[in-house]
C-alpha cells in the first residue's frame, strides 16, 4: 500500500508521514551509499595524509560525512615521547605491539563513527604496507558490513620525497626538539624500516578483487581497479583532478550593484557608481600581481561581467557561478519577504543551509551545482573567480574546510579580494580590501538558527547531508576493553597489553596539537 507523503517545509522534498523501519544491517553493503572505509597505503612521505585531508574536505563539502583516522595520532597518544627511527624497526617487537594496538584502536573508532555517529566514510590513514595488515582491515570491514576502498600513493622521485619531508614531517611533534638535518636523517631511516616489508597493491594478481586506485608519481599516472559504486567513482574522479603545483586562487564578488544599494536579493542588476570604481581598482590590483597565464571566471549575470570587462583580459562565463536562486523571493528585500512570506522567512532564519526557497534553491543545492567549478579549480593554476555572495561562501567553505552550519554565515564583503594559497594540509587566506566603499550585505546568524536534520537520517537519504560534528581527539582509553570487544572479529590480531613507554628508551619530544557574505 502506498505510503502517505508530506512535503518538508525547510527542504521542500516529499517524505513519508511515518518513518519507515530501518533496513537490517546485513543489507548494508548492498546499498549504494553504505558506509565505506578508505584505506590509505604507501611508504611514509608519499602524500597519504595530504590526500586523506584533502579528500575528506571535499567529501564533507559535497555532503558526505567523512572523517580521517590517522594512526600516527593514536601512536603519539599511546607513546607520549618519540626517541628515534628504532621504534619502527621490524625487529622491535615491543614497538610492533604498540603499533598494532594503535591500529586496532583506530578501527574501533572507525566502527563507532560509521555505525553509531552517522558517518558515511572513514579514512584510515596509515602506511598499511603489508598484506597481513590489509587483510585485517578487510576482515574488519566485512564483519561490520562496511565497504573498503584502497588508495595507494606510490612515488620513487627522491626530490618529491625530500620535499615532502622538509615541508611536513620535520615540523611534526616527533621532531619537536630536533634540527632539520637530524630530523631528515631520522625520517629517511624510518622509511627504510618500512621498505624492507613493503608489499605494494597488486591488482593483476594478489589484489585483483580489491577496489583500489594507485596514484603514481603525484598524479602522473593512475591505476584503477573494480570501482564498486557512485561514491568510489567520485573519489577516483577527484583524485585524478587535483595537483600539487604552486598556484594562487583569487575570489571576489562583483562590484556593488543597484540591488545591493536597495537591499534586494537576486535579480540581474548592473553596477552602481561605486561598483564601477571597484572594477577599475580590481584591474589595477590584477596588474600589480603580475600573474602568468591568469584565468578569469565570471557568472552569466550582468554585475560580474561588467566587473570583468574592466580587467581587459579574456574571461569565461560559468552558469554554475550564478547567484543562488531565491525563487518567489527574487528581487525582494528581506523586509518584503518577512511581510509577504512570513513562514518562509522564519524557516530560513532557523535553517539557512538546508532551507530551499519555493521554486528556488538552498545552499545545499548550490554546493551540488558548484562541484564542477571546484573540480576545474583544482585542475587550474592561477585563477580569479568573480562571483556572488552565496557562491563565494560555498567556494570559501570548501577551501577553508568550513561546515555546512558555518557556510551561510561566512563574511564575504563587497570590494574585497580573497587571496588563497594552498599549503601542506590546507589553505592560507589573505583578505585584501581595495579601498572602495560599499554597502554591507552580511546578515548575522539568527538566534533561532538550529542544526539540520538528524545525521543518522543521512544514510538512506538520496542526498546525504554534511556532518556538523567536530573532529574528535583519538580515544585510547583502554586497550584491554578494545581487545575484548574485537576478539570475535579479529581473531588473528589480538595483541597483549600496551605499554605507555617502551622499556629501555630514553625518549625526547612531546606531542603537540597541530593544525594545520550579503545575499544569502
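Backbone N, Cα and C atoms are what each Cβ position is placed from, and that goes for glycine too.
Cross-referencing 84, 461, 487, 492 with Swiss-Prot, the residue annotated as phosphoserine turns out to be 461. Among the candidates 99, 108, 220, 221, the one that Swiss-Prot lists alongside 75, 127, 133, 169, 190, 194 as binding beta-D-fructose 6-phosphate is 99. Noted from Swiss-Prot: of 34, 467, the annotation phosphoserine belongs to 467. Per Swiss-Prot, the annotated phosphothreonine among residues 421, 463 corresponds to 463. Listed in sequence order, the recorded positions from 75, 127, 133, 169, 190, 323 having a Cα within 10 Å of the Cα of residue 254 (active site, tele-phosphohistidine intermediate) amount to none. Rounded to a whole number, the distance between the Cα atoms of residue 253 (site 'Transition state stabilizer') and residue 194 (beta-D-fructose 6-phosphate binding site) is 49 Å.
Within its own chain, residue 169 (beta-D-fructose 6-phosphate binding site) has 44, 45, 175, 183, 187 as residues 6 or more apart in sequence whose C-beta sits under 8 angstroms from its own.
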